[in-house]
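A.B. asks: Got a structure here, written out as structure tokens. Questions coming.
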Amino acid sequence: MRNWRWLLLVLAVLLAWLQYRFWFGPGNSGEVMMLEAQVAHQTQDNEGLRQRNQALAAEVKDLKDGEAAIEERARSELGMIKPGETFYRVVEDAPLPAPASPEAPAPPQQAPEPIDPVDHP
């Protein structure tokens, strides 16, 4: 019976030591959760960068292989036109200010201040 008590005491101490290491020791559960969150955030960042890289790779391939992409870029970014083409630019009129309604009072006018003459010797 006495051996059982010692065995139970040793197992309780071992369990307490393992619990301490789980909650407070190196590599504890808090650190693991923090690292898992960092990994999830980095995975999300990597996916965004992977999509960006794929788009850039497709654009580079298109620029290397096709003339249509080069022509489009020259037209849109550099304003170039083909020989014999006429370029028309449509400029929209700026909206006119709304006329003052007759019910609204006109803003008060300030009279200009008189200028003091300065005597120069």
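A Cβ is built for glycine as well, from the same backbone N, Cα and C atoms used for every other residue.
Just lifted these from Swiss-Prot, have a look:
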type	residues	note
TOPO_DOM	1-6	topological domain 'Cytoplasmic'
TRANSMEM	7-24	transmembrane segment
TOPO_DOM	25-121	topological domain 'Periplasmic'
COILED	31-66	coiled coil
COMPBIAS	96-115	compositional bias 'Pro residues'
A.B. asks: Summarise the topological domain 'Cytoplasmic' (1-6) as counts of helix, strand and coil residues per DSSP.
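C.D. replies: Tallied per class, the topological domain 'Cytoplasmic' (1-6) gives 5 helix, 0 strand, 1 coil.
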A.B. asks: Which residues of the chain, 6 or more past the ends of the topological domain 'Cytoplasmic' (1-6), have a CB below 8 A from one of its CBs?
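C.D. replies: Distant Cβ neighbours of the topological domain 'Cytoplasmic' (1-6): there are none.
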